[in-house]
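Asker: Sharing the feature lines straight out of Swiss-Prot:
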- 1-4: motif 'MREI motif' (MOTIF)
- Gln11, Glu69, Ser138, Gly142, Thr143, Gly144, Asn204, Asn226: GTP binding site (BINDING)
- Glu69: Mg(2+) binding site (BINDING)
- Ser172: phosphoserine (MOD_RES)
- Glu438: 5-glutamyl polyglutamate (MOD_RES)
Amino acid sequence: MREIVHIQAGQCGNQIGTKFWEVISDEHGIDPAGGYVGDSALQLERINVYYNESSSQKYVPRAALVDLEPGTMDSVRSGPFGQLFRPDNFIFGQTGAGNNWAKGHYTEGAELVDSVLDVVRKECEHCDCLQGFQLTHSLGGGTGSGMGTLLISKIREEYPDRIMNTFSVMPSPKVSDTVVEPYNATLSVHQLVENTDETYCIDNEALYDICFRTLKLTTPTYGDLNHLVSATMSGVTTSLRFPGQLNADLRKLAVNMVPFPRLHFFMPGFAPLTARGSQQYRALTVPELTQQMFDAKNMMAACDPRHGRYLTVAAVFRGPMSMKEVDEQMLAIQNKNSSYFVEWIPNNVKVAVCDIPPRGLKMSATFIGNSTAIQELFKRISEQFSAMFRRKAFLHWFTGEGMDEMEFTEAESNMNDLVSEYQQYQDATADEGEEAFEDDEEEVNE
């Protein structure tokens, strides 16, 4: 089977990663000890994508858990699914990265990276046919951002033809942990643009707004935010984990979603978003799901898709529903909002349907959009970056670890280039767009 190796780095990465494993273990009928307690053959049909089967019929996540301090690992280990993971696959330092990208990327992280790569290598050797890697991390801290991007580039060197997929939590002013977040994020995006094939941008600000406005939680905790992230991650990986037709592996998804190699930052969304207590009181219909799924309020990145245009969209519907109805609703949305889809990529909306709904819901829909509006997120980080960098504020923490100011300047201009590339395709009309598309193809053919 087409296996995926999962890596989670840093505090945020480990928290959302562990939640992801809890959710998908539940969906596949795997109990906290790794035993199978499910009731459907579908649960096991593609179980090998994320789990190794041990000789004693135990299912073990194909996961490496990485952090530069022991704290998060301890809480994962003592959590409900702590015994599910292979003990050898916990790799941690003692010092911590102190929210410093340079420590994660160049000093502390660089010392630990080889032992992580050993674990990754071992997991890859157990694979029949490895399709790629997925990393969960945040871009605001030190370990997930600095060491996470270091791991990506090392894995890229060793497995250049495998897909690299990340779930990256972007910093936001509303939920700020550290003052140097804009530095860490800009340096990370600089790496992600070059080294990943698909990046799901998850944004704390958007998650907060969803908890606050839609779920009516007055004081959302990180637990509530992670609950949303895990629902979304479970949704976007559905077609990888259950037998289905469309986007059934990472490469097919990338082919459908990425028209230009640098523009691979996706905006995820999820429906239905109902407060945790009131799920059973809602009867859901396909039109409602479709409507909600495209709603700006349901996006997990704090960008308004109405301020941009969709290059491509993939949607995953889950639950017993009529394929025909789903297709009709999706067409209706495209026709009604045609100005929000670029006209120079025909058929740019793809739909997959999986019969198995997530736990506690009759049906759900997950949205993956490659929208030019994602530039708002990068602009926001860039403005904060420039404000501090102009004054060289806090730079000594980074230069002290051996970094050069030049690197900051490069990262900044790379991110600004990314913003203008998104803008260019947002403004492109059919005639210009097609030319751009052809130019791009010519380069590929050479």
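Note: Cβ is positioned from N, Cα and C throughout, glycine not excepted.
It should be emphasised that the depicted structure is a prediction, and the values quoted were computed from it without experimental measurement.
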Asker: Would you mind pulling the longest C-alpha to C-alpha span across Gln11, Glu69, Ser138, Gly142, Thr143, Gly144, Asn204, Asn226, which the record has binding GTP, in angstrom?
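Answerer: For the residues that bind GTP, the greatest Cα distance is 23 Å.
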Asker: Between Gln11, Ser172, Asn204, which of the recorded positions has the fewest other CB atoms within 10 angstroms in the structure shown?
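Answerer: The recorded positions Gln11, Ser172, Asn204 were compared, and Ser172 has the fewest Cβ atoms within 10 Å.
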Asker: List which of the binding-site residues Gln11, Gly142, Gly144, Asn204 have their Cα within 10 Å of the Cα of the residue listed as 'phosphoserine', in sequence order.
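Answerer: Those near the residue listed as 'phosphoserine' - Cα within 10 Å - are Asn204, in sequence order.
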Asker: So for Ser138 (GTP binding site), how many other CB atoms are inside 10 Å of its CB?
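Answerer: So the Cβ neighbour count for Ser138 (GTP binding site) comes to 29.
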Asker: Give the mean pLDDT for the motif 'MREI motif' (1-4) on the 0 to 100 scale.
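Answerer: Here the predicted model's pLDDT, averaged over the motif 'MREI motif' (1-4), is 88.
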Asker: Which of the three DSSP-derived classes (helix, strand, coil) applies to Ser138 (GTP binding site)?
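Answerer: Assignment for Ser138 (GTP binding site) reads strand.
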Asker: Name the residues of the same chain, 6+ apart in sequence, whose Cβ is under 8 Å from the Cβ of Glu69 (GTP binding site)?
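Answerer: Correct list: Phe92, Gly93, Gln94, Thr95, Gly96, Ala97, Thr143.
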Asker: Since the record lists Gly142, Gly144 as binding-site residues, which of them has the fewest other Cβ atoms within 10 Å of its Cβ?
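Answerer: Ranked by other Cβ atoms within 10 Å, the binding-site residues Gly142, Gly144 bottom out at Gly142.
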